[in-house]
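Q: Sharing a structure below in structure tokens format, with a few things to ask.
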Amino acid sequence: METLNVDHEDTISSEQEHRAHTKSDTDMPPISGGRDFIRQFAAESKKLWWLAGPAIFTSFCQYSLGAVTQILAGHVNTLALAAVSIQNSVISGFSVGIMLGMGSALATLCGQAYGAGQLEMMGIYLQRSWIILNSCALLLCLFYVFATPLLSLLGQSPEISKAAGKFSLWMIPQLFAYAVNFATAKFLQAQSKVIAMAVIAATVLLQHTLLSWLLMLKLRWGMAGGAVVLNMSWWLIDVTQIVYICGGSSGRAWSGLSWMAFKNLRGFARLSLASAVMVCLEVWYFMALILFAGYLKNPQVSVAALSICMNILGWPIMVAFGFNAAVSVRESNELGAEHPRRAKFLLIVAMITSVSIGIVISVTLIVLRDKYPAMFSDDEEVRVLVKQLTPLLALTIVINNIQPVLSGVAVGAGWQGIVAYVNIGCYYLCGIPIGLVLGYKMELGVKGIWTGMLTGTVVQTSVLLFIIYRTNWKKEASLAEARIKKWGDQSNKREEIDLCEEDENNSNGENNHRK
């Protein structure tokens with residue numbers, strides 16, 4: 001019992017030291033002029049890129065795992081390529097949207113806890129997220145098990161549905177790997193352990209490429225070989241990250257498994273569900289764009305051209321996701337440390353940087369609009385349509401570089417529920433109806449559908465900008481402190497009370513024994 005008291009006192013004193021260190025790093029002073037703005041901008045940019053650079057690289061590497069399998073499947077046969085593509089985009093994509101969203105709740109809590117010095121609770125949050133995400137994965141297994149009839153219901157051919165259904169069954173282990181990874185990644189990002197994540201992702205990608213080639217093509221295992229390697233690669237990322245955490249890299253943020261992880265799961269699940277709704281409404285919105293294009297008069301050309309544009313859009317989105325992760329970490333850290341002025345300023349820095357990147361990419365595409373479509377298709381109709389869609393693609397890239405930054409702020413501040421309502425109104429009550437009217441009623445085809453849905457994105461971005469503009473950042477810092485107390489301090493107090501009661505019981509027992 002004495003050992004427990006000593007350990008607990010050490011934990012409290014070390015926590016106070018970290019809190020004192022955090023509080024000594026005071027909020028930034030008001031900007032006094034142009035030179036001061038440039039100096040503060042450069043300093044904040046350095047912090048953002050320190051997080052965003054490795055986060056972008058990690059996203060590229062993990063995105064490439066599925067891409068490598070898909071490319072090699074094309075060298076097996078056409079059916080294998082179709083099956084892997086459908087499973088990856090529809091079945092797996094649906095699940096990823098839900099679990100990635102649920103995992104973002106951890107970004108809010110861990111980021112704010114780290115900023116406030118409540119390091120011990122971060123490991124508890126991680127374990128709670130593991131429990132909730134794996135429970136969610138268990139439910140999502142139904143989509144994998146019944147993938148064949150679901151794909152047939154969506155209009156896929158019997159051959160593709162059957163092959164994709166078989167591949168989906170093989171990919172169930174990856175689903176649970178996602179559940180572990182999405183939580184672990186947020187835990188590491190909150191502590192700025194992004195370099196380690198990048199090294200792990202790059203190493204796994206190299207072995208994944210080699211083993212996929214060996215099993216799928218050289219040994220002729222086909223889709224089965226791809227499933228084996230893809231499952232193994234994702235679990236290798238998970239195991240390596242967990243070993244890295246348990247090896248002491250996270251310090252007091254990881255103190256081992258605890259029964260505390262099973263407390264207050266209902267409240268944690270509510271925040272996770274709000275996060276999932278926010279992300280899913282965004283992911284499914286663009287999935288609907290391709291679905292609607294398949295019902296146009298010339299669906300082959302429309303879907304082919306749109307797929308090319310979506311593939312191009314995917315790479316800038318990886319950059320935007322890196323900024324999303326960096327902004328959510330920095331925002332939650334600063335709010336947790338009660339630095340409202342710095343939290344507001346980093347949003348300005350992230351917006352300017354992200355928009356600048358989007359403009360450069362968009363201008364490049366517009367300049368090369370006569371040439372780049374030939375890299376993706378030999379069909380003249382498809383090339384012409386891609387060229388016509390390039391201005392919309394360029395504008396979408398700029399808007400999409402703004403939107404993830406705003407979403408990162410929302411995650412960092414814990415606004416997932418508010419953003420979910422905004423997404424429903426802007427995307428599904430505004431964007432999709434306008435797109436359907438322009439595409440079908442006014443016969444503008446895929447350009448009309450895309451224009452309408454882009455309108456929804458612009459409205460959503462405008463609403464988020466207005467919300468952020470009207471935000472009282474001092475109040476948000478206070479709310480972050482209250483949230484940390486709700487999720488952390490109360491648990492620590494309960495732990496202290498339990499220890500004190502146990503001490504008193506033991507002391508009374510010893511006194512009675514002496515008597």
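Keep in mind that glycine also has a Cβ here, set from the backbone N, Cα and C atoms.
Copied straight from Swiss-Prot:
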- 1-30: region 'Disordered' (REGION)
- 1-26: compositional bias 'Basic and acidic residues' (COMPBIAS)
- 48-68: transmembrane segment (TRANSMEM)
- 90-110: transmembrane segment (TRANSMEM)
- 131-151: transmembrane segment (TRANSMEM)
- 167-187: transmembrane segment (TRANSMEM)
- 194-214: transmembrane segment (TRANSMEM)
- 225-245: transmembrane segment (TRANSMEM)
- 276-296: transmembrane segment (TRANSMEM)
- 303-323: transmembrane segment (TRANSMEM)
- 347-367: transmembrane segment (TRANSMEM)
- 392-412: transmembrane segment (TRANSMEM)
- 418-438: transmembrane segment (TRANSMEM)
- 448-468: transmembrane segment (TRANSMEM)
- 488-515: region 'Disordered' (REGION)
- 488-497: compositional bias 'Basic and acidic residues' (COMPBIAS)
- 506-515: compositional bias 'Low complexity' (COMPBIAS)
Q: Cβ under 8 Å to the transmembrane segment (276-296), counting only same-chain residues 6 or more beyond its ends: which ones?
A: 89, 93-94, 96-102, 104, 155, 302-303, 306-307, 310, 403, 407, 410, 416-417, 419-420, 423-424, 427-428, 431-432, 435-436, 439, 445-446, 449-450, 453, 456-457
Q: Taking the transmembrane segment (303-323) as reference, which of 131-151, 225-245, 347-367, 418-438 has the most Cβ pairs under 8 angstroms?
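A: Looking at each of 131-151, 225-245, 347-367, 418-438 in turn, the most contacts to the transmembrane segment (303-323) are made by 347-367.
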Q: Excluding the flanking five residues on each side, which residues at least 6 beyond the ends of the transmembrane segment (194-214) place their CB within less than 8 Å of a CB in that stretch?
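A: Residues 50-51, 53-55, 57-58, 61-62, 64-65, 68-69, 72, 185, 188, 225-226, 229-230, 232-233, 236-237, 240-241, 244, 249.
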Q: Can you work out whether the transmembrane segment (225-245) touches the transmembrane segment (418-438), with the criterion being 3+ CB pairs under 8 Å where the paired residues are 6 or more apart along the chain?
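A: Since fewer than 3 Cβ pairs under 8 Å link them, the transmembrane segment (225-245) and the transmembrane segment (418-438) do not come into contact.
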Q: Applying the under-8 angstroms CB criterion, which one of 48-68, 90-110, 347-367, 418-438 scores highest with the transmembrane segment (448-468)?
A: 418-438
Q: Residues sitting near the transmembrane segment (347-367): Cβ under 8 Å, six or more positions beyond its termini, same chain?
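A: Answer is 41, 44-45, 48, 312, 316, 319-320, 323, 326-327, 331, 390-391, 393-395, 397-402, 404-405, 408-409, 468.
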Q: With Cβ-Cβ distances below 8 Å as the criterion, list the same-chain residues six or more beyond the ends of the transmembrane segment (48-68) that contact it, or say none.
A: 88, 92, 189, 192, 194-195, 197-198, 201-202, 204-205, 208-209, 212, 230, 233-234, 237, 314, 318-319, 321-323, 325-327, 329-330, 346, 349-350, 353
